[in-house]
Amino acid sequence: MTQLLLFLVALLVLGHVPSGRSEFKRCWKGQGACRTYCTRQETYMHLCPDASLCCLSYALKPPPVPKHEYE
């Protein structure tokens, strides 16, 4: 009986699977990821609500706004 109880407890403990993307919060319209550090292929855009960095791939980074030169 104790082996059956131990087996059921082990199944309950090992059967709990956390959600896969719970750590990776999204930002920048779902294209960026909130992280502590950005990878080499990413750039920092702004801060996420939890004060982590919003990392966006260089391929998805919007082009810079051109500056008007006054002559």
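Placed from the backbone N, Cα and C atoms, the Cβ positions cover glycine too.
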Cysteine paired with Cys34, where Swiss-Prot records a disulfide bond, from Cys48, Cys55: Cys48
Separation of alpha carbons, Cys48 (disulfide bond) and Cys55 (disulfide bond) (Å): 10
Nonlocal residues around Cys48 (disulfide bond), in sequence order (Cβ under 8 Å, 6 or more apart): Lys25, Cys27, Cys34, Cys54
